[in-house]
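Taken verbatim from TrEMBL:
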- 22-59: domain 'NLE' (DOMAIN)
- 182-223: repeat 'WD' (REPEAT)
- 224-265: repeat 'WD' (REPEAT)
- 267-305: repeat 'WD' (REPEAT)
- 314-354: repeat 'WD' (REPEAT)
- 434-475: repeat 'WD' (REPEAT)
- 476-517: repeat 'WD' (REPEAT)
- 518-551: repeat 'WD' (REPEAT)
Amino acid sequence: MEVEAAAAGVAMEEERELSNRVMCQLKDSEGTPLGAPIFLPESAGPKELQQLVNKLLSNLPVTDPFSSPNSFHPFLSLWCNDGGDAYGGSNCNFKEEKLPYAFYVSDNELVVQLGSYLQKNKVSVEKVITIVYQPQAVFRIRPVTRCSSTIAVEISSNYVYGVRRQSILWLNFDGTSVRAYGSGHTEAVLSVAFSPDGRQLASGSGDTTVRLWDLNTQTPLFTCKGHKNWVLSIAWSPDGKHLVSGSKAGELICWDPQTGKPSGNSLVGHKKWITGISWEPVHLSAPCRRFVSASKDGDARIWDVTLRKCVICLTGHTLAITCVKWGGDGVIYTGSQDCTIKMWETSQGKLIRELKGHGHWVNSLALSTEYVLRTGAFDHTGKQYSSPEEMKKVALERYNKMKGSAPERLVSGSDDFTMFLWEPAVSKHPKTRMTGHQQLVNHVYFSPDGLWIASASFDKSVKLWNGTTGNFVAAFRGHVGPVYQISWSADSRLLLSGSKDSTLKVWDIRTQKLKQDLPGHADEVFAVDWSPDGEKVASGGKDKVLKLWMG
């Protein structure tokens, strides 16, 4: 009798333990399963799942405390020999790995215990629960919280040798002057861009000049003169050796960032204004020589800065080209007001494929690998390189690691209020259509890790989407005017937006809430950029002011 009672007790205990476990399947962001489905205790949370994924990915032999008579899976046991949790029982000495991960169930981040999440969201446990794990940056960017410097024109009554003096004012957050140097922009700041290594900042303005700033000393370096009209677009080469600017007059100028001087005469060929510039990735060619420009005239042109001329003209669009990207596989993408996206090979300029689907102008394009294409061999460590060959090698390693085995993805935003997610190397048909915005989509941008897509719209909202599936994740509301531009922190945890309402806002991707409100501009904010090292944010706008924000 006693033996039967004991057996019954054991059976009840096993049944109770089984009822507190959930069958789960771990998958990466591309949908590849990590082993077979496994039973997880409802008490498992992000910390335990992180240890589990690191263990499974480390290819280390599975020994105690992961072998026990209570095992419910042939490869992994979730319980220690003393009956404790394998994540924290008395016999468990699991050493935490360095690689951080975030976990998602149905595109919602798991930040509590599994059981609590399933109960709160009323998820059925009769089916296998899919948990998607996503690697996170090993470094963390602090949100910008204060204006470190304001670079503006001081309209003073001082005269030096009979010439009226205009000075740049660097202001503390409380508005007190720190120092004054040189000349500031005298018209709206239309574009801002940090160099790939994060050490320099460039700005383009309606005053027809490009200005370069030293971020170590927070002082102006050079005023680059040569354009005949507004400077609409600027772009650094991925090796940091060149800066190209394009104007409303249609000419392009390549500048030497070390001297502030043009590398030669203006590059002329476009008949109307420049709408975009993109450099050939450094992992394909080092040192950087070629870039592509897009224009209102409907053409895109490939230029060689060494030969100082246009080497290929890409013709085929019937209306203005609004955006251009040079992909990591060597393909150029152009988006146009003719509602199409065209793909071009870059040796002869032949059209490879045409992507159709939008019902109105294509306003913006973004690539899933864009961050590593922009920064080349540079990362958050600040390492410098002695040769183009070394830089090319490191850049290729970073690109391959970022891309993985999946094809490069492209997202497009349009005046038709929609976005499309494409895998252009695989198909001419979109992977998914992304709807939800109530007005035109002005800017789209992949996160540096490629796991998220952010979109900015004239409907005053910023939306977040899954970068692999295109599924809607969250809407960030807080701006009271159209959102013009967005930029990601290097660790993909924070998103910055600039708006017509004169503010910048920093959004937290994990909590999906506003992290920091940054007022300070006196008028519309046209341009924003987050430095590749994550330490600074630059913004410029209609008030003719360039602001530098710090964490």
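Heads up, the Cβ atoms here are built off N, Cα and C, so glycines get one too.
Only residues 6 or more beyond the boundaries of the repeat 'WD' (224-265), in the same chain, are considered here, and those with a CB under 8 A from a CB of the stretch are 187, 190-197, 200, 202-206, 208-212, 271-279, 281-282, 286-288, 291, 293, 295, 297, 303, 305, 308, 373-378, 388, 391, 395. Here the repeat 'WD' (314-354) returns a mean pLDDT of 98 for the predicted model.
The highest tally of CB pairs under 8 A with the repeat 'WD' (267-305), across 314-354, 434-475, 518-551, is held by 314-354. Across the repeat 'WD' (267-305), DSSP assigns 0 helix, 18 strand, 21 coil.
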